[in-house]
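Asker: Sending over a structure as structure tokens; questions will come in a sec.
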């Protein structure tokens, strides 16, 4: 799937936050996809119809950005394009809770979040603080299954060991590095990469989500080998993504049935 993406780079419409734009765009470029950071409500809907996939991240939310998100999500849904929701800290304020409720009504095909975000999104009590998760991934697995069934979507919970489910099937993905949470917006960039893989294999969104997370995990392991800390890890991670090929990914991905 990684090689297929590079042979035919998908145009990925990324509505993400200010903090994430640079790293998200570079992650897509290093992986072989084509990013577009378009969020104005005057054009977001039209652009979503042009792109191969849409990703929506509510990290730095505003009324204007939310209008763009709704317009893009409506366009993606009506045209059958995959779209990914990243409900960053949706539990933190009433504005965020309502925004995510509105976006969930537009039926995202994939939802990616940390454990605290997924637990809360499924109706549970999470220990999240701001954008940071205080819950381990394993405690979010049942919540992810329920959310996937309720939304008829793929749900990915990312953390030390990632978890992906469609409500019936479920897998865990191991790998990555302890340095990854120390680089801001890597999770947001992962959401965009999930969109790129979904655009490449819209007929297999479960497999596309797993492939994106496995790509991040393997690249994270490679980047950590020579990194002295989060600063050198960040640029090494982009190099590792660019150097990774499909054969190495297939050989090294640590995916197990959950």
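Glycine is treated like the rest: Cβ placed from N, Cα and C.
When I checked Swiss-Prot for this same protein, it listed these features:
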type	residues	note
BINDING	37, 185	substrate binding site
BINDING	112, 158	ATP binding site
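Distances, neighbours, how buried they are, the whole picture for these features please.
Answerer: When other Cβ atoms within 10 Å of the Cβ of residue 185 (substrate binding site) are tallied across all protein chains shown, the result is 21. Following the DSSP three-state reduction, the secondary structure of residue 185 (substrate binding site) is coil.
For residue 112 (ATP binding site), the same-chain residues that are 6 or more apart in sequence and have a Cβ closer than 8 Å to its Cβ are 84, 85, 86, 155, 156, 158, 187, 190, 191, 194, 209.
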Asker: As a test of the contact definition, list every same-chain residue at least 6 positions from residue 37 (substrate binding site) whose Cβ is closer than 8 Å to its Cβ.
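Answerer: Non-local contacts for residue 37 (substrate binding site): 14, 15, 16, 21, 24, 25.
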